[in-house]
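Taken from Swiss-Prot, the feature SUMO2 cross-link applies to K285, supported by a large-scale study or a structure entry. Per Swiss-Prot, domain 'EF-1-gamma C-terminal' is recorded for 276-437, and the stated evidence type is sequence analysis. If you look up Swiss-Prot, you'll see A2 marked as N-acetylalanine. The annotation N6-acetyllysine is assigned in Swiss-Prot to K147, K212, K401, K434. Annotation comment: Swiss-Prot describes K434 as N6-malonyllysine. As annotated by Swiss-Prot, region 'Disordered' applies to 221-268.
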Amino acid sequence: MAAGTLYTYPENWRAFKALIAAQYSGAQVRVLSAPPHFHFGQTNRTPEFLRKFPAGKVPAFEGDDGFCVFESNAIAYYVSNEELRGSTPEAAAQVVQWVSFADSDIVPPASTWVFPTLGIMHHNKQATENAKEEVRRILGLLDAYLKTRTFLVGERVTLADITVVCTLLWLYKQVLEPSFRQAFPNTNRWFLTCINQPQFRAVLGEVKLCEKMAQFDAKKFAETQPKKDTPRKEKGSREEKQKPQAERKEEKKAAAPAPEEEMDECEQALAAEPKAKDPFAHLPKSTFVLDEFKRKYSNEDTLSVALPYFWEHFDKDGWSLWYSEYRFPEELTQTFMSCNLITGMFQRLDKLRKNAFASVILFGTNNSSSISGVWVFRGQELAFPLSPDWQVDYESYTWRKLDPGSEETQTLVREYFSWEGAFQHVGKAFNQGKIFK
């Protein structure tokens, strides 16, 4: 039976996974989450900690036997028993399936929606609306799956349930008000069943579900940001005023910078994340302003204004055009589910919006449909390999680079951007389209 120490910061939902698993398996897990034993942002940056956990991330687990492991899913797996991991190869595969689904499909939109309401991330209206729709899709998917099931895998709680519940936790506590969640009775029933298990309650306590959807509070956001002490301006003495300007500048340079206020654990967790590098920073500047085209596309007529603007200003050296097709049309069944594939991909590519535009269309009807689209990317190569966050979906599509000067490209851009035309290359009728902008 596993025994050891879990390093984390207080109320870390990722750490909850291992702690709940330990409640089921009987693993002896001690938690160090506060000074003087563990100070997040300091202890996890010491040479001693980094020798054991090179990434410097928490949660991190150190066994009494010296075994060390980081990443919350790996820790939860280690402290689990066979029943939680899946007692057959098939059950184990399904557990991994749902654990992976939680990380890839639930975490991104949940963070985008919830973090601004906690004052730890700035609010972006469009991103939040996209996140809401993605959460709605996820809850619907779970609701359909759980219609005839008590738990996600088998008839008992597994790591699948523990992981997905913990990933949904802040959604249910912060933003899923009754009017939003009432459409998903099976998901709600399963969530409540899990959090009321003694093993869950021992870690989570009593979970109070959201009564009114929390909103972004600009004042709260400003208050949670690190501030610098700014000394009050005082009238200088006569002697001070008489000092040469150069001397006064030197004194200001020598003055120690104002110390920052100490951040709370949540802010420290975010601050500890490595600063994201711009994947397109290596590209030369371009004359084509994508945001201006997007404004034209959103507010003006597509055929008479937006498209002429696009071709007049498109920089073929700084940008590229691509045609994509979904590789597995035989797997597409209900059109609403096919549409969810597109929406899910767009959500996971949220940080690419500044450097991309696309029109992706669903053609056909239930059990006879296809998905294809035209994309605009910064640079001359596909953008997806530039960031691991963007690589979840793109391999499910074929990609063909288009020649901006060809008649075929002109036709494809016109038809896909306007959602009008013969679409002769498809062989199916237009059903609906979605714009990535």
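A Cβ is built for glycine as well, from the same backbone N, Cα and C atoms used for every other residue.
Note that the structure is predicted; figures quoted are calculated from it, not measured.
Shown here: features listed in Swiss-Prot, placed on the structure.
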| residue | record | DSSP (3 states) |
| --- | --- | --- |
| A2 | N-acetylalanine | coil |
| K147 | N6-acetyllysine | helix |
| K212 | N6-acetyllysine | coil |
| K285 | SUMO2 cross-link | coil |
| K401 | N6-acetyllysine | strand |
| K434 | N6-acetyllysine | strand |
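A count of other CB atoms within 10 A of each Cβ picks out K434 as the most crowded of the recorded positions K147, K212, K285, K401, K434. In this structure the alpha carbons, written CA, of A2 (N-acetylalanine) and K147 (N6-acetyllysine) are 35 Å apart. Confidence for the domain 'EF-1-gamma C-terminal' (276-437), expressed as mean pLDDT, is 90. Across the structure, K147 (N6-acetyllysine) and K212 (N6-acetyllysine) are spaced 26 Å apart at their Cα atoms.
When the modified residues K212, K401, K434 are compared by Cα distance to K285 (SUMO2 cross-link), the shortest distance belongs to K401. For the pair K212 (N6-acetyllysine) and K401 (N6-acetyllysine), the Cα-Cα distance reads 47 Å.
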